[in-house]
């Protein structure tokens, strides 16, 4: 079985959500039930592969031990930087091995959702270091990490936000409203994923040549396909969460109307870009300010954007296309920052209708070109050009 | 303390208006973006020895000079 794919999954999902709705309507807590069905779904997904199931369990227990262990060290030794860096490294080590395994032709740690599970765990380590997480109940940690609706592809929830919903028991009207919103999101997600994404995917076939002009059509269709597929998946994940009483944050907000590149990242894969903003960009900038690594704010900002997005590219995978994709967006964000801070033309015209339209249009082209890089097609076209 | 915080804010936002209008919305007026926000947290740590975590607050919790002063003073 795969999550959000095939009749078996949707049948199981309906069967699993009916008791949840009954519990919710009776104003009973959903926690125990949610953790129970999460474990059942994970077992169903991994049922065919005992090795995977063992790997997954081992990974989960190791990460739990890291978080619990670090919490004890943090209480004992305070804000110790060395201990913190070692713990962060240990918690992302499985992900690093996983991302590097294609290079060495090994297939280790091919755990379902490993990237997203790592995001959720390392975020807790960082917040323990900062002193805003002071306890980690194992039961709640399991509920958070194993929460099946967002297990394999996000959205990336935060443990402190999750906690608020986890301990909450909703009033009947409040819960019914959540169920209504949840069902709507699941249905819209189905339309996105099973109708629109499938259609755009079919059309991509028309542009399968390696000539440069095929790239243009391919970029647009691939971009729309990617959006409807991923946003559809995310919406179903969020909708399912709602029915389980967890208000997982939305992951997309009409990305194709973005007015500049920064606006785009506020709308595209939001839970990821906010995660990067809070845990990489902000921390990098703070480090730069304290260590006085750069002379001007613009240099600092540009370096911040490029480092941030390059790591984001690396996280997608260590292939030329993904690294290039990350670098491309980092440079674009840096250029946007420089342009908006320096250009008198921008300051004078930014609120004009015609300017806003042009800005939207240019942004859309840049975004679509980014998708062409992401799809791997761009590198393919370049290679052929070189021969 | 209050004055020191306002000086720091004016430097980050590159605008003295933050000293005059303590309830100005720094987000809506584009005075404080993600970059400025991170710089502010670093300076708060350096100047006042108060550690605020970037993921601790929603942006709205620190959207006006008055709110920022309140949070720093409550930690000081």
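Cβ coordinates are placed from backbone N, Cα and C, and glycine is handled just like the others.
TrEMBL annotations:
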| type | residues | note |
| --- | --- | --- |
| TRANSMEM | A:6-25 | transmembrane segment |
| TRANSMEM | A:32-50 | transmembrane segment |
| TRANSMEM | A:56-73 | transmembrane segment |
| TRANSMEM | A:85-118 | transmembrane segment |
| TRANSMEM | A:138-157 | transmembrane segment |
| TRANSMEM | A:178-201 | transmembrane segment |
| TRANSMEM | A:221-244 | transmembrane segment |
| TRANSMEM | A:298-316 | transmembrane segment |
| TRANSMEM | A:322-339 | transmembrane segment |
| TRANSMEM | A:360-379 | transmembrane segment |
(request) Count, for each of A:178-201, A:221-244, A:298-316, the Cβ pairs lying under 8 Å from the transmembrane segment (A:85-118), and report the range with the highest count. (result) A:298-316
(message) Can you tell me which recorded stretch out of A:6-25, A:32-50, A:138-157, A:322-339 has the most Cβ pairs within less than 8 Å of the transmembrane segment (A:360-379)?
(response) A:322-339
(request) Grab the same-chain neighbours of the transmembrane segment (A:138-157) for me: Cβ-Cβ under 8 Å, and only residues 6 or more beyond its ends, written as numbers and ranges. (result) 3, 31, 34-35, 37-39, 41-42, 60, 63-64, 67-68, 112-113, 116-117, 119-121, 123-124, 163, 166, 230, 233-234, 236-238, 240-241, 244, 246, 248-251, 269-272, 275
(message) So if I exclude everything within five residues of the ends of the transmembrane segment (A:6-25), which remaining residues of that chain have a CB under 8 angstroms from its CBs? That is, six or more out.
(response) 33-34, 37, 40-41, 44, 170, 172, 175-176, 178-179, 240, 243-245
